[in-house]
Amino acid sequence: MATTATIAAVVASNNNANGPYGQRRPTPLPLAEDDDHLPRLNGRPRSLTVGSEDSDNEDSPELSAIDSSAALILVHDDSHDSQQFGFSDEDDGDEDDDIVSPIFEIRRTTIPALPPRTVFLYLLAPFLKFGALNILPAADRLDLKFGLPALFLSAVCTAFSRQIWYMLARYLRKAEVPEVLCDTFAKARGKEKQRNFIRLSVKVGTAVASSLLAILYLHGMSFIFYELPVPDQRCLESVRVLLPFLPTSNLLQLLIVVLCGFVVFFLSYAQSLSSKRVVFASWLSILAYLAWFICAIYAHAKGFLFDGGSSSSPPSGWKGIFVIAFTFATSSTLPLYASLKSGINPVTTAKTPRSRSFRFLSFASIICATLFLLPLVIFAARPNIPAAISPRAISLSNPSILSPSLPLPKDPTPQSIQTALAALSASVLLLGVAQPLLTIPTLPIRVVRTNINLTRIVIAPAIIVFSLGLSLVSSSAFTAQFVYVLTAVVLAISLVSTYVFPCVMHICVHNFKRPLAIVMPRTPMLPTPASPAVGGSGSGSGGLSPNVDNRTDELLQRKERALQRKQFRKRIVWDLGVWVQLGLCAVGVVLAGASLVQR
């Protein structure tokens, strides 16, 4: 019984009072009769001894070891919550694993679990598509003092935006954009209609943006980047780019378009981005871009690149800057983050390797894209450097040494180089169009007792037929105006969703909402039933003094305030960065608008 144990402890302490450490031993507290059935205080371990109430320091030596451990048990989230905005290597190793824990609210992701190399592929692939292929003509004669800062600043802003989404997901413990928005704007009870509206709006907006991007992948953006003075002007499109280099037979052109349509339909009919055919096609798209990149370097060395100087209109610096910014437009950040972490075993205690760090994969993809785009910006400044020695002179000055009867291979002609560039650019876009098509959210229609996947049955085939059919239409004024408006809308949506939207979300979460608790309970604890004390009198706190509860709450509140101040000091850099990025976007829009008005 507890009374017998108490008497024995008192006798033992009196017998050892004359020892060297006898004066330091505290007198044991009397325990209740049914101490084994005492309820815990607010769901936390009971604190049996406390120090003086006059102590203002939570680490005061007057607190016994038992009491200090009772307070420290609730600080186990310190290493997780207080370092959400740090850059330590352990941040992605141990702390990111709780995205798959029960605490992290994650619904059915739009992208299934993917290995790190596939996540890296889908993070890198959008940078080497439309914007990269249009940098050479769009940034033609753009001075390097404007082109290089635009390139590096766009890369930094993209990395910053991805980091903002990453930190918001970990801070709010949500892995999807609709859930982040619901937690920010409609978290309270009784707002189920608002939450449903937000989820539907995000789903429709994502479907529209992905559909328009797929149309531009298939048809092209040349009408906004080129003046098209003549019908056979060389332009970078997916299908239409090949038509000027093919025979004038309408039947042959129709067969090429139909063949491309079947390829795109086969890729878009995959289950998800984890399908082997989509992954293989995405890798082929990257390889096709590398081949196009090598061909562009060779054309630059020979002076065969696109000459924009023949156009009668003066070059537009803002056009090149916007194309560079569009090149770094990113999407699907949170779905890819969730797909990467959903494949991690949440039970393992081993440190996560760097290859599974989302931030590492994100930064690596941006660095690789910057290295591949930097030469294009330099080439666009002077795209037509004439060859120092003509091919004829090279063939005469370097006779064959190994076999006089075998002549040296002839240098490719400008026409063959242009054809190779056109074919490779078309391959890049056709093989990469599956990613935006498969990221269109599923919009099921209820028919009797079955759900029809509207995306797979109607939307994707309609996009393919419409965009490929538009490529066969002659360059009329209506077609040019339609593609111009379509491209402007996609450009605006991509830039706003990449550079503006995450900053606005960061401001709304951290400036207009109360900060989330770190050590204090986020929800009020249920009251525990009272238990009789030793003397038979009841107590609402299970036999413990109310001062113990008040003292514990005071220590937790003090710890909470200290951690919140530390959190704020770490987040202030990101707060300033968010406002700086918004300011840069606003200044760019104002200057671009003023330039257009003056023209």
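Heads up, residue numbers simply count up from 1 along the chain you see.
Glycine too: its Cβ is placed from the backbone N, Cα and C atoms.
What TrEMBL says about a protein is an automatic prediction, not a curated fact.
Per TrEMBL, compositional bias 'Low complexity' is recorded for 1-18. What TrEMBL records for 1-62, 530-550 is region 'Disordered'. Residues or ranges marked as transmembrane segment in TrEMBL: 119-136, 148-168, 197-218, 251-269, 281-301, 321-340, 360-381, 417-438, 458-478, 484-509, 572-597.
Long-range contacts of the transmembrane segment (417-438) within the same chain: residues 122, 125-126, 128-130, 133, 210-211, 213-214, 217-218, 234, 236-239, 241-242, 244-245, 260, 263-264, 267-268, 270, 272-273, 278, 281-282, 284-285, 288-289, 291-292, 295-296, 298-299, 302, 304, 460, 463, each at least 6 residues beyond the stretch ends and with a Cβ under 8 Å from a Cβ of the stretch.
Only sequence-distant pairs (6 or more apart) were considered; of these, fewer than three Cβ pairs between the transmembrane segment (119-136) and the transmembrane segment (572-597) are under 8 A, so the stretches are not in contact. The transmembrane segment (484-509) shares the most Cβ pairs under 8 Å with 148-168, out of the stretches 148-168, 197-218, 281-301, 360-381, 572-597. Proximity of the transmembrane segment (572-597) to the transmembrane segment (281-301) is not established, fewer than 3 Cβ-Cβ distances being under 8 Å for residue pairs spaced 6 or more apart. Long-range Cβ contacts of the transmembrane segment (197-218) within its own chain (Cβ-Cβ under 8 Å, at least 6 residues beyond either end) map to 129-130, 177-178, 181-182, 185-186, 238-239, 264, 331, 429-430, 432-433, 436-437, 439-441, 443, 455, 459, 463-464, 466-468, 470-471, 486-487, 489-490, 493-494, 497. Here the transmembrane segment (360-381) has long-range neighbours at 92, 116, 119-120, 123-124, 127-128, 132, 135-144, 147-148, 150-152, 155, 158-159, 162-163, 166, 289, 293, 296-297, 300, 305, 320, 324, 327-328, 333, 340, 354, meaning same-chain residues at least 6 beyond its ends whose C-beta is under 8 angstroms from one of its own.
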